[in-house]
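Sequence annotations record features per position, and here Swiss-Prot assigns active site, proton donor to Asp441. As annotated by Swiss-Prot, [4Fe-4S] cluster binding site applies to Asp36. The substrate binding site annotation in Swiss-Prot covers Gly576, Met577.
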Amino acid sequence: MKLAYWMYAGPAHIGVLRVSSSFKNVHAIMHAPLGDDYFNVMRSMLERERDFTPVTASIVDRHVLARGSQEKVVENITRKNKEETPDLILLTPTCTSSILQEDLHNFVESALAKPVQIDEHADHKVTQQSALSSVSPLLPLEENTLIVSELDKKLSPSSKLHINMPNICIPEGEGEGEQTKNSIFVKSATLTNLSEEELLNQEHHTKTRNHSDVILADVNHYRVNELQAADRTLEQIVRYYISQAQKQNCLNITKTAKPSVNIIGIFTLGFHNQHDCRELKRLFNDLGIQINEIIPEGGNVHNLKKLPQAWFNFVPYREIGLMTAMYLKSEFNMPYVAITPMGLIDTAACIRSICKIITTQLLNQTATVQEPSKFIYPKATSLEQTNILETSQKETILKDNPDSGNTLSTTVEEIETLFNKYIDQQTRFVSQAAWFSRSIDCQNLTGKKAVVFGDATHSAAMTKLLAREMGIKVSCAGTYCKHDADWFREQVSGFCDQVLITDDHTQVGDMIAQLEPAAIFGTQMERHVGKRLDIPCGVISAPVHIQNFPLGYRPFLGYEGTNQIADLVYNSFNLGMEDHLLQIFGGHDSENNSSIATHLNTNNAINLAPGYLPEGEGSSRTSNVVSTISSEKKAIVWSPEGLAELNKVPGFVRGKVKRNTEKYALQKNCSMITVEVMYAAKEALSA
C-alpha cells in the first residue's frame, strides 16, 4: 500500500468488482469503509449502460467496529439474495477493511447456512379457507371478454405480455355465457385449487429457498493491483463452476462439431473492449469459427461449464484472462492464443496461430476417430469453400489405398492456404492501413520521435506497430504493469531506444520532458502531460476518461482496428507548417500560436527567472525538467537580435528551439544568447 496522488492501476477490489459487474446476474458485496465505495459512481459515469452497477457496499463504521462485522455482512448477503436473486454473490473486502483481519470465510459459511426469509412478518399459516376468501379487484368485464382457464392461460395475449391476470371462477352449474359481466371483485384463482398439503408446501417454498452461490474473492489486497486481482478473480469463478459441474457429473467436454473459440478477457471499464469484441466476432466469423462463450462481459456463470467444449481459447489482453486460459490448458489440455491482433503484422501472426491450432485439432480428432469434422468458410470471405474429409472417408481411403496417407496432410495444407489468402486479401484490399503506410502523408512521419506508455498489451503492440509498419522512431516504450516486465522487455526489444517500467506517473512525465518527442501515445495521464508540455498525445491504453468510451464503433483490434490506429497516429502529430500558416494569415488559433512571440516582443531584452517556463508548461515536477535553467540556478539574458531571430522561427517549433538554445548556452557558460549562439546551438544539435 502507498499514498499516491494518481495511479495507473487501482486497488485490488476494483479489479474484483470489474469482473463481477461484467457477468450477468452476479452481485458483488464490498466490505469497505466510506471512501472505498466509489466504483458505482465511476462505472456509472464511464460505461454508458442503462443497467445499474450490481455492487452493494457493506459499510464499515464505528458501530461495526464495536460489534463486529459478521452480523452486517451476513445480513447484506441474505438481503441481496432475497431482493436480487442473483446466480452468484461475490464478497470482497478492500485494502482498508482487510486491516481488520476478519474471518470472511466464516461469514460466507454463515450466510449459506442461514435460510432466506421472504416475509419476516408472516407468523400465520395460510389455509385453504383463507385462500378461498381472498379477492382481487377487477375492472368491469365486457361482453366479448374471454374467460381464460388455467390451461389456456399460456396461450392468452396477457400471458405473452407477462401480465399476472387472475382467473375468473365460474360457479358450478353456470356456463360461460351466464357469467356476470359487471363483476367488480372476483376470487383469485392462484391458491383456490390447491389442497391443504400443497398450500403448506407452497408456503414453505415461499418463505425459504436455497441460497445463491456465494464466493469470497481469493485476492491478497496488499500485494496485487487492480489488473492482477481481476485476472485472479475470473480464474477463481471459472474454476468454481467447472469444479461444481464435475462434482455433479454434468460436465460435457465433447468438442463442438465445428471449430469454436472462447473469448476470455472482455470486461467492463476496459479500453475499447466492447468495440474490440465486435471486431473479434467479425474476424472469427470470416474464418468460419463459432463463438462458444465470451467471458466475463455478458456471460452467465452457469454457462462456464461449457468452456471445455471449445476448440481453443483466445486471450486478447494479457492483463485479464491469461490465468483462466492457463487453468483450462492444464485441466483440459485446451490450447490458447494470446497474440493481440493489433496492427497488420500481429493480426496476421494471430490468424496463423489460430490456423495451426485448428489443423492440430483436426489431426487429433482423426486420430481418436471422433465425430466427423467439417470446416467450411463462409462466402463473406470471398474465398473458395472447403470441406474437411470425414473420418469415415479417411479410414476408407487409407484402407483401400495405403499410398494415400498424404490425404490428410494435403487437406491441412489447403486450410493453411485459405488462411494465408484471407490474410493477403484483408491486408491488400480491405484494410486501408497498408497502403496508407506507403503514402506520402505517412512518409512525412518517418523518423519522428514518439514515446509509448500504457498497459503491457497495448504499449508493446503499439511500439511494434509504430516501428515496423509506420517507420516512427520510438524513443521510449514503457508500461505500468511491473508484474509483466520481463514479457514486455522481450516484446519491445529492438523496437525502441529505452524501456521504462514504473507505476509512478511523475517518472513518466520527467522522461517525456527530457526526450521532447514529437508525439505521445499513452493513457489519460500522458494526455495531461502532453498538454502541459505542448506535445500532442494519442490515447491507446487504460486508464482513460469518458471521451475514450465512444458511442461510435472504434475498435483497436483486427483490421478495422488497424485503420483506427492509423488515423490516431497521423492525427496526433503536428501537420507540418499548418500552425505557422495559420499564424501568418490569421487563422482561428493564431492567438495561441503566437503567444510566445508576443511575450518575447514585449521586451527588448528579457532576464529570465530561474523558474521560467514557456507557456503551456505548469509549475509541476514534470515541467521543471523541461529546462535545466532551474537546476543550474542561473539566469540567461537574450539579446534583442537573438529575440528577433527567435521570433522568425515558426510557432510550432519555437518553444523547442528556445529550450535547446538555452541548454547549449548553459553548457558553454554563455551569459547572453545572441544570433551566433543560436546558430552554434543549431549546428551542435544537428551534429
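Any Cβ shown, glycine's included, is placed from N, Cα and C.
Cβ neighbour count for Asp441 (active site, proton donor) (all protein chains, 10 Å cutoff from its Cβ): 10. The CA atom of the residue listed as 'active site, proton donor' is located 48 Å away from the CA atom of Asp36 ([4Fe-4S] cluster binding site). There are 20 other CB atoms within 10 A of the CB of Asp36 ([4Fe-4S] cluster binding site), with all protein chains counted.
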